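Some features that TrEMBL has for this protein:
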| type | residues | note |
| --- | --- | --- |
| SIGNAL | 1-20 | signal peptide |
| TRANSMEM | 177-200 | transmembrane segment |
| TRANSMEM | 220-246 | transmembrane segment |
| TRANSMEM | 258-283 | transmembrane segment |
| TRANSMEM | 289-307 | transmembrane segment |
| TRANSMEM | 319-340 | transmembrane segment |
| TRANSMEM | 392-414 | transmembrane segment |
| DOMAIN | 464-701 | domain 'ABC transporter' |
Amino acid sequence: MPCLFTWFIVVLVELKKFQGHPPLLLSLSPFGRSTVVYGVADSHNATAALAVAVAKLYRRQVDSDPLNVEYLNEMPGRTTGDNVHDYLMEKGKRDAHEYSYRTFVAAEFRSVGKHMFVTAFFNFQAYHTSAISLTLVDNALLKHYVGHDYSIETTNHPRQVSGVPDKASSIAILTKGLLVVMGIVIILPVTISSYTLFAVSERSRGIKDAQFISGLHVPVYWAAMFVCDNVMYVASAILVVCLFFVYDTVAFTSAEAFPATVLIFLLYGWASQPMMYVASFIFQSSGSALSWVTIFNLVSGLFLSLASRILEDDGLETFGINTMPAFGLFIGLLRIYTIYAKSEVLCDALNIKKICDAGKKHQCCKETCHLTEVGCIQTDRLAMDGGVCHILMAYALQGAVFFCLLLLFDTGLLTKIYYKLFMPQVRLNTKDDTEGGSGDNDVALERSRVLAMSPQQKRNGDVVILDRLTKVYAKCLKPPKTHLAVDRLTLGIPSGECFGLLGVNGAGKTTTFKMLTGLETVTSGTAYLAGHDITNEIGQSHKHVGYSAQFDTLHTYLTCRETLWMYAYIRGIPSAHIPEEVDRLLHTMLLEPYADKRAGTLSGGNKRKLSVAVAMIGEPVVILLDEPTCGIDPVAQRQAWKVLSQFRESGRTIVLSSHSMDECEALCNRLVIMVGGRFQCIGSLQHLKSKFGKDYMLTIQMSRNEDGEFDNPVLLEQFLSENFLGCVQTSSYNGQLNYSVPETSVTWPLLFSALEEAKNDSKYHMEDYSICQTTLEQIFIDFARDSAKRQTQPLV
C-alpha cells in the first residue's frame with residue numbers, strides 16, 4: 001500500500017514535468033468551419049490587374065471545405081469602393097458570434113500605380129491567426145512572382161526552457177517536492193497507525209496477559225512485535241526508495257541526499273512504532289484505535305507541519321520535531337528536497353563555476369558566500385542547522401523514551417508509582433482482624449494457621465498461600481471514592497488439592513485470580529505461589545502457574561495446534577517434545593477433530609476446552625481456572641473433569657471458580673464461599689453440608705390408580721405433618737413431591753422408619769422415596785441471599 005501510493009504521487013509529479021511542446025504547423029485546419037473574407041479595392045481601375053491576379057492565388061489556398069470564402073467584389077449590393085475593413089465592422093455588428101468565432105483571417109488587395117498594397121487581417125481571439133493570415137498572403141505573392149510550384153509553410157517551434165531557472169520554475173520545483181513529501185507523509189503514518197490494531201486486540205482480549213502468565217517476558221514480547229512490524233515497515237520503505245530510483249527522483253537518490261533519506265525513514269520507524277504501542281493502551285477497541293491514531297498522525301504530520309512552515313514559527317517546529325514523529329518526517333523530507341532545489345537546481349543551472357572562478361560574491365560559491373547578505377546555501381543534508389541531524393537525534397531519543405514508557409506500563413511499575421503518588425491511602429478497619437471479617441470458626445482457624453507460619457514455611461509449605469490478600473479500587477477524587485473488592489483473604493492450599501471458589505458475580509473471585517497472576521496490583525498483603533512472593537517475584541511464579549481466564553484469550557487466526565505450539569515454546573518445552581505434548585492435550589481435551597481449524601471458528605465450548613489445554617501445557621505446579629467448563633457440552637465436561645482429576649492426583653494443585661455445583665462436587669477437595677470479598681465458610685463438601693445444611697431434602701413419587709392418574713396425596717401430607725414437625729412442600733410435578741424437613745425435628749433412623757411405614761401402607765399411595773442432605777447449591781443460595789441483606793465492611 002505505501003509503495004502503490006508513493007508510485008501514484010511520483011508518477012503524477014513526473015507527468016507534470018515540462019518536456020516541451022512539439023512543433024505546430026500553422027494553418028486554418030485546426031479551426032474547422034470558418035469564413036475567409038478577401039477583396040480587391042478599386043477592381044475596375046486599369047492598374048488593378050495585379051491585385052486581382054494575386055487575390056485569385058489567395059483564394060485558391062482557402063477555397064476548400066470546410067472553409068467558406070466571401071469575395072467582397074462579387075457580393076450583391078457591394079460597390080467597388082467598399083473595403084474589407086468596413087465590411088468586417090458591419091459583419092461584426094450584424095452577427096457578433098459569426099464575426100468572433102468563425103471569421104479568423106481576411107485580406108485586402110489594392111493597386112496604386114505600379115505598386116500593390118496588401119493588408120492581412122486577423123482575429124486576435126484565436127491563437128496564431130496573425131501568422132496564419134500573413135502566411136496566406138505571402139504564399140499568394142510567392143506563387144505569383146516565382147511560380148505555382150513554390151509555397152511557404154510556417155511552423156511554430158516552442159522555445160525550449162533554458163537551464164536558468166526563473167521565479168516561476170523555482171516555485172514549480174518546490175511545489176513538486178512538496179507534493180512528493182505530502183504523499184509520503186500521508187501514507188507512511190497511516191501505515192504506522194495500523195500497528196495499533198494487533199496491540200489493542202491482544203491486550204483487550206487478554207491474549208497478551210495469557211502469554212505473560214505463561215512465562216513470556218515483557219521486553220521479549222514487545223521486541224518480537226517491533227521486529228515483525230519493523231520488517232513490514234522497512235520493506236515498505238525500501239519499495240518507496242526503489243520508486244525514487246526508478247523515476248530518477250534525484251532530490252532523494254543523489255549521493256549527497258541518499259544517506260539522509262535512508263536514515264530518516266529508518267529512524268522514523270524506530271520512533272513511531274513504540275509510540276503507537278504506547279497509544280494502544282488508551283483504547284479498548286481496535287477500530288477506534290486505528291481511527292484516532294490515524295487522525296493524530298495526519299494532523300501532526302501534515303497540517304501542523306504545514307502551519308509551522310507557513311507561519312515560520314520556529315518554536316512550533318522545534319516542539320513538533322521533538323514530540324511527534326510524523327511532524328519530523330514532513331519537515332525532514334522537505335528540508336532534503338529544499339536543499340536539492342536550492343543547491344542542485346539553482347547553482348548548477350547558473351554554471352556557477354564560471355561565476356566563482358571570477359571571484360564574484362554569490363551564495364553558491366563556497367569561497368565568497370559568507371560575504372553575501374543571504375549567506376551560503378546549505379548543501380549538507382545531515383547538518384544540524386538547516387539539515388536533518390536534529391530530527392534524527394530527536395527520533396533516536398523518542399524511540400528510547402517510548403520503549404521505556406512501554407516497559408513501565410506493562411511491568412506494572414508505572415501503576416505502582418501512580419497509586420503511590422495519587423491514590424488515597426486506604427486504611428482498613430482492623431478491629432476484627434483476627435477473624436478477617438467472618439464469624440465462621442473454620443475461616444478463623446485457617447487464618448490462624450497461615451498467620452502462624454514463618455516466612456520460610458510460607459515458601460516451602462503449602463503450594464498456594466494467601467496472606468491477608470487485599471484489593472481496594474480507589475479513584476483520586478475529593479473526597480476519595482473507594483471500593484473494597486477483596487478483604488484480607490488468608491488461606492493455604494497444599495499440593496495435590498483441588499480448591500474451589502464459589503461466589504456470586506462481584507464476590508471477588510476474578511479479582512483474586514488477577515492478583516495471583518499479576519494482572520492486578522495488590523493493595524496490601526501478599527500471596528505465595530510455588531514458594532514465590534507475587535508482590536516481588538511475579539515473574540518467577542509465572543513459571544509454575546497455568547491460567548485459564550473467565551473469557552477466551554485465543555488468537556483468532558491460529559489453529560488449535562498452532563496455539564498449543566506457541567504456548568509450548570513460551571513454556572520452554574524442548575522442541576523435540578512439543579509434538580507429543582500437543583497431541584496429548586488435543587486428544588485429552590477431545591480437540592483432535594478441530595486441531596487444524598482456526599480458533600476463531602470454534603464453538604464457545606471448544607474454545608473453553610482449548611483455553612484449559614493452554615493452562616495445562618507444560619504441566620505447571622498450579623493451575624488457576626476461572627469458570628473452566630462454562631459452555632462445554634456434558635460429554636466434554638466430564639472428560640475435562642477426568643483430566644483435571646488426573647492432574648490433581650499427580651500431586652499438582654488446582655484452584656478453580658465455578659457456578660457449577662456438580663463441577664465442585666466432582667473435583668474439589670475443599671472449597672470456600674465468598675461474599676463481598678470475604679471467605680464466609682471453608683471446608684470439604686461434606687463438612688459444609690453437615691455444618692450449614694438446615695434441612696433434609698425429601699422426594700416422594702406417588703403411585704397411579706386404576707385410571708392411570710396419580711393418587712391424591714392428602715393423607716400422605718397429613719402423615720408427614722404429624723411425624724415431621726416443620727415439614728414443608730417445596731414443589732410438585734408429575735406425581736413427584738418435594739419436601740423440606742428440618743434437621744432439628746427428626747433423626748436419620750426415625751426419618752427412615754417413618755417413611756418405610758408409610759411406603760408399606762397402601763393408603764398413602766407412596767411408590768418410592770429418596771432423602772438427602774441439603775445440597776451445596778442450597779447452601780450457596782442461602783449465603784448469596786444473606787449477602788444481599790448485608791453491606792460490605794466500610795473503609796475508614
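Glycine too: its Cβ is placed from the backbone N, Cα and C atoms.
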Considering pairs 6 or more residues apart, do the transmembrane segment (392-414) and the transmembrane segment (220-246) have at least three CB pairs under 8 Å?
yes
Against which stretches of its own chain does the transmembrane segment (220-246) lie, if we need a Cβ under 8 Å and a gap of at least six residues from its ends?
1-3, 6-7, 10, 184, 188, 191-192, 195, 198-199, 208, 211-212, 252-253, 261-262, 265-266, 269-270, 273-274, 277, 403, 406-407, 410
Within-chain partners of the transmembrane segment (319-340) [C-beta distance under 8 Å, separation at least 6 from its ends]
174, 177-178, 180-182, 184-185, 188-189, 192, 250-252, 254, 257, 260-261, 264, 268, 271-272, 275, 297-298, 300-302, 304-306, 308-309, 377-379, 381, 386-388, 390-392, 394-395, 398
Looking only at the domain 'ABC transporter' (464-701), mean pLDDT returns 86
